Amino acid sequence: MYKIVFMRHGESTWNLENRFTGWTDVDLTEKGVNEARTAGRVLREAGFRFDVAYTSVLKRAIRTLWLALDEMDQMYLPIKNDWRLNERHYGALQGLDKAETAAKFGDEQVLVWRRSYDTPPPALEASDDRVSFGDPRYAGLDQAQIPLTECLKDTVARVMPAWNDEIAPAIRAGKNILISAHGNSLRAIIKMLDNISDTDIVGLNIPNGQPLVYELDENLKPIRHYYLGDQEAINAAMAAVANQGKAK
Ligand code: DG2
């Protein structure tokens with residue numbers, strides 16, 4: 001049996017402000033720093049040790065990983081930064097307040113933009129300042145690989161090659177892996193792993209800074225999964241994420 005641990009970053013400044021973030025590179029809040037450290041402590045106390053860690057090229061996930069590894073006294077671990085683990089690109093919604101957007105367009109529409117499998121939010125214009133063309137961290141990519149918006153289906157399409165070509169072979173080689181990523185890049189991986197339907201994936205919300213353990217069989221099919229930590233707090237955090245897209 002294999003085990004892998006997933007973790008959404010701690011609270012970011014734009015999570016706190018309830019703004020659509022996507023590929024915007026915002027940092028952690030103080031609460032987010034504490035969540036990341038607590039996640040590391042929880043993992044250490046549960047006896048987890050890792051051989052390699054994967055994260056995105058966005059600092060909220062990277063810093064969460066650093067802080068958790070610091071708490072685990074495993075800062076020496078190799079870290080693989082992979083743009084394919086980035087958050088889903090939120091298109092022209094990036095920077096907007098989620099509740100204000102719901103007040104303007106309706107809760108239903110915002111739920112479709114946040115959680116539907118194949119309806120992307122409105123795209124950025126290529127001339128928009130928020131577009132990631134020219135950002136040195138994406139220098140190795142073709143311009144066509146840099147999104148102007150994404151639905152979850154698009155995120156699955158970019159995350160899965162990272163899973164199939166890098167992460168799955170490392171699991172099969174017996175490596176203990178920690179992945180620090182984002183609400184929707186993790187939903188993409190979990191959808192594929194658990195074979196969740198396009199309809200049911202709408203109900204999956206990932207809380208900040210809570211280690212999520214997946215036990216996998218020899219074919220990397222999930223046997224069971226569970227969050228480490230206080231289940232009541234985790235359920236409340238998941239419900240809070242679901243409610244972020246509702247008008248006040
Ligand atoms: C959030 C997820 O991404 O937002 O892009 O706003 O995980 O990097 O904070 P993260 C964003 P929702 O899809 O839950 O609205």
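Cβ atoms are placed via backbone N, Cα and C, with glycine included.
Counting every protein chain shown, 28 other Cβ atoms lie within 10 Å of the Cβ of Arg88 (substrate binding site). According to TrEMBL, the feature substrate binding site maps to 8-15, 21-22, Arg60, 87-90, Lys98, 114-115, 183-184.
Taken residue by residue with DSSP, His9 (active site, tele-phosphohistidine intermediate) is part of neither helix nor strand, so it is coil. As annotated by TrEMBL, active site, tele-phosphohistidine intermediate applies to His9.
The Cβ of Glu87 (active site, proton donor/acceptor) has 26 neighbouring Cβ atoms from other residues within 10 Å, across all protein chains displayed. Taken from TrEMBL, the feature active site, proton donor/acceptor covers Glu87.
The secondary structure of His182 (site 'Transition state stabilizer'), as reduced to three states from DSSP, is coil rather than helix or strand. Taken from TrEMBL, the feature site 'Transition state stabilizer' applies to His182.
Only Gly22, His182, Gly183, of the recorded positions Glu11, Gly22, Lys98, His182, Gly183, have a C-alpha within 10 angstroms of the C-alpha of Glu87 (active site, proton donor/acceptor). The Cβ of Gly22 (substrate binding site) has Glu87, Arg88, His89, Tyr90, Gly91, Leu93, Gln94, Glu150 as same-chain neighbours under 8 Å, each 6 or more residues away in sequence. The distance from the Cα of His182 (site 'Transition state stabilizer') to the Cα of Trp14 (substrate binding site) comes to 13 Å. A count of other CB atoms within 10 A of each Cβ picks out Arg8 as the most crowded of the recorded positions Arg8, Lys98, His182.
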